[in-house]
Amino acid sequence: MKVYKSFLIATASLFLFACSSFQNDDYAMNYKGQIGEPIMAIAMLSEQQHEWAGTPYVLGGVSRRGVDCSGFVQKTFFDRFNLRLPRSTVEQANYGKHVRKEDIQTGDLIFFKTGRGPNGYHVGIYVKEDKFLHASTRGGVVYSSMNNPYWSKAFWQVRRI
């Protein structure tokens, strides 16, 4: 009987350890969203805004100590969608495909002629319902409305990556 109990315990232990899970970092998944999936893209952009909220605007910056508009767009597209974009607003304004304002979709780049900065351009990422995410000179990383008179007047173009 003692041998039988030992056999049962050994067999049960084998099953328990054989079925237990382990985490191997080699197989860990780091999901990056797809810019073409609107719901996922909105969630990814929301996460990025949450992480970068409070980051001040700093011309030429690309870190949480300070970031400018094109740096934030470049960082967001790489961090969230694994896409590499050019660094400057001028280069980003020539990247991808031109899209009519009426056809704007989540993840499109929206450009403005503000007359500020080294080239007078500003860029953000369209989210939904006329809202876009950007690094603002006044509020840092924020959502703004395209319907705001300032942004509406300064609107220039939309590009799809």
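Numbering starts at 1 and runs along the chain as displayed.
Just so it is clear, glycine is given a Cβ too, placed from its N, Cα and C backbone atoms.
Annotated signal peptide per Swiss-Prot: 1-18, in sequence order.
Residues or ranges marked as S-diacylglycerol cysteine in Swiss-Prot: C19.
Here Swiss-Prot flags C19 as N-palmitoyl cysteine, drawing on sequence analysis.
Per Swiss-Prot, the feature domain 'NlpC/P60' maps to 39-161. Taken through DSSP, the domain 'NlpC/P60' (39-161) splits into 41 helix, 39 strand, 43 coil.
Around the Cβ of C69 (active site, nucleophile), a 10 Å sphere holds 25 further Cβ atoms from the protein chains shown. The feature active site, nucleophile is assigned by Swiss-Prot to C69.
Around the Cβ of H122 (active site, proton acceptor), 24 further Cβ atoms fall within 10 Å across all displayed protein chains. Annotation comment: Swiss-Prot describes H122 as active site, proton acceptor.
The Cβ of H134 (active site) lies under 8 Å from the Cβ of C69, F72, V73, H122, V123, G124, I125, V141, V142, S144, each on the same chain and at least six residues away in sequence. Here Swiss-Prot flags H134 as active site.
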